[in-house]
Amino acid sequence: MAERQVAVVIVAAGTGTRAGEVGEAPKQYRRLAGRSLLAHTLDVFLAHPAIDRIVTVIHPDHGDLYAAAIADLAAAARLGPAVTGGASRQISVARGLEALAADPPDLVLVHDAARPFVTAAVIDRAIAALAEVEGALVAVPVVDTLKHADAAGHILATRPRNDLHAAQTPQGFRYPALLAAHRRAAAEGQDAFTDDAAVAEWAGLAVRVVTGDPANVKVTTAEDLIEAERRLDRDRFARAADVRVGTGYDVHALVPGDFVTLCGVRIDHDARLDGHSDADVALHALTDAILGALGDGDIGAHFPPSEMRWRGCDSAVFLADALARMAARGGFLAHADVTLIAEAPKIGPHREAMRTRLAQLCGVALDRVAVKATTNEKLGFVGRREGIAAIATATVRLPLP
Ligand SMILES: Nc1ccn([C@@H]2O[C@H](COP(=O)(O)OP(=O)(O)OP(=O)(O)O)[C@@H](O)[C@H]2O)c(=O)n1
Ligand SMILES: C[C@](O)(CO)[C@H](O)COP(=O)(O)O
């Protein structure tokens, strides 16, 4: 058979109301195990050799969130421009399909951004089935006994389950047939379909169930997000078995001034740290610790003090560069431990703000960051308040070569 062009529509235009936003982004943009849920999902399709094109459908208000989410992906350049979705999943899918119409693929897979645990094997099965049928519904048999209950919870009946399947995504179709089905549904005001197999069934297409995967769950609630993070974290630790520990040390002199910046947090003080950049000794030490774990030089080699462009620079830039070097090698930061050595200012009152800022800058959970402090018992240059020093340790995990 001639090679078939396969496109994927990833629908990510929902607002994730059941998962709750609580000050954070909608669920598809939540960072789990180092990157967004959407990035995890996209990565599976970007890595699949049979997929030629991917169209992502996003909410009109989520342009910035989307740009940040795909910045995490090495293969982001292979994604076409995102398409704006609509008020229902059905409308969002239809818009994704229309975006492919100018250069129609043979087959299309429609997948929820909220299903990051899809596997290459499931994708293979959906594509293979389309040699015989117009639609392939990835699904798992219902395994629990089904009860019909009234609003008060009283059981009314037990339903047979032997021919019931729980629908998952991806759902695969011959593209022209699904596009026509969606167009007809829209024209006839049929707007309550919760999946594409239902649109196809309504339009009279032959849709067959193919074996799904119980692990391919849809992240729907806040509890699902917690469980998804646990699973994604476990997976990435298993993939990155090369454990590296790096150390870093830095010191800057105190000179007349009125604040210092430590761990990215500004603290009022009766002196300031002198340096070419903002002289944040903690971020400098941590940057060196990460570079040390990577065996990739040191902060001075990458950001020479002789270069004017680093004058007054926010040291978060140096840290971000070290983290990017680590990410480019498929690695992640498992733990960072920073010790400040200062007679003053007192670090205790600022410790949590510092940890929070470090966790933010490193893109890791708070419990993966420690900030400690000690005085130098009035001994030496630190004891005489001539300077502040910092020591950092970074545990970096890389994939085995
Ligand atoms: N108008 C919509 C609604 C949903 N979706 C997408 O369809 C998938 C499945 O929907 P669901 O899990 O229900 O996501 P939300 O609609 O975002 O969640 P909720 O119903 O809790 O608001 C998700 O990837 C979601 O982003 C979409 O593209 N456009
Ligand atoms: C398409 C779907 O994933 C199949 O199970 C599901 O119907 C989408 O979720 P929703 O809650 O119905 O929007």
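Glycine residues also receive a Cβ, built from the backbone N, Cα and C atoms like all the rest.
Annotation comment: TrEMBL describes 1-243 as region '2-C-methyl-D-erythritol 4-phosphate cytidylyltransferase'.
Per TrEMBL, the feature site 'Transition state stabilizer' maps to Arg18 (among others). Arg18 (site 'Transition state stabilizer') falls outside any helix or strand according to DSSP and counts as coil.
Positions annotated as site 'Transition state stabilizer' by TrEMBL: Lys27 (among others). Its own atom aside, the Cβ of Lys27 (site 'Transition state stabilizer') has 28 Cβ atoms within 10 angstroms in the protein chains shown.
In the three-state DSSP assignment, the secondary structure recorded for Arg161 (site 'Positions MEP for the nucleophilic attack') is coil. Its Cβ taken as reference, Arg161 (site 'Positions MEP for the nucleophilic attack') is surrounded by 13 other Cβ atoms within 10 Å in the chains shown. Taken from TrEMBL, the feature site 'Positions MEP for the nucleophilic attack' applies to Arg161 (among others).
Other Cβ atoms within 10 Å of the Cβ of Lys218 (site 'Positions MEP for the nucleophilic attack') number 16 in total over all chains. Among the features that TrEMBL reports, site 'Positions MEP for the nucleophilic attack' is placed at Lys218 (among others).
Annotated domain '2-C-methyl-D-erythritol 2,4-cyclodiphosphate synthase' per TrEMBL: 243-396, in sequence order.
The feature region '2-C-methyl-D-erythritol 2,4-cyclodiphosphate synthase' is assigned by TrEMBL to 244-401.
Here TrEMBL flags Asp250, His252, His284 as divalent metal cation binding site. Following the DSSP three-state reduction, the secondary structure of Asp250 (divalent metal cation binding site) is strand. Summarising the environment of Asp250 (divalent metal cation binding site), the number of other Cβ atoms within 10 Å of its Cβ, over all protein chains shown, is 22.
The 4-CDP-2-C-methyl-D-erythritol 2-phosphate binding site annotation in TrEMBL covers Asp250, Val251, His252, His276, Ser277, Asp298, Ile299, Gly300, Thr374, Thr375, Asn376, Glu377, Phe381, Arg384. Other C-beta atoms found within 10 angstroms of the C-beta of Thr375 (site 'Transition state stabilizer') number 15, with every protein chain shown included. When secondary structure is read from DSSP and collapsed to three states, Thr375 (site 'Transition state stabilizer') falls in the coil class.
The secondary structure of His276 (site 'Transition state stabilizer'), as reduced to three states from DSSP, is coil rather than helix or strand. What TrEMBL lists as site 'Transition state stabilizer' is His276 (among others).
Taken from TrEMBL, the feature site 'Transition state stabilizer' covers Thr375 (among others).
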Query = So what sits near His252 (divalent metal cation binding site) in its own chain, CB-to-CB under 8 Å and at least six residues off in sequence?
reply = Leu273, Asp274, Gly275, Ala279, Val281, Gly387, Ile388
Inquiry  = My understanding is the cutoff is Cβ-Cβ under 8 Å with a sequence separation of 6 or more in the same chain; which residues meet that for His276 (site 'Transition state stabilizer')?
reply    = Pro305, Trp310, Arg311, Cys313
Query = If you draw a 10 Å sphere around the Cβ of Arg18 (site 'Transition state stabilizer'), how many other Cβ atoms fall inside it, taking every protein chain shown into account?
reply = 12
Key: Fewest other Cβ within 10 angstroms of its own Cβ, chosen from the binding-site residues Ser277, Thr374, Asn376   = Thr374
Remark   = In all the protein chains shown, the tally of other Cβ atoms within 10 Å of the Cβ of Ile299 (4-CDP-2-C-methyl-D-erythritol 2-phosphate binding site) is 25
Task = Give the sequence-ordered list of residues that share a chain with His284 (divalent metal cation binding site), lie 6 or more positions from it, and have CB atoms under 8 Å from its CB.
result = Gly248, Asp250, Ser277, Ile299, Ser315, Phe318, Ala390
Inquiry  = Limited to the region '2-C-methyl-D-erythritol 4-phosphate cytidylyltransferase' (1-243), I'd like the whole-number average of pLDDT.
reply    = 95
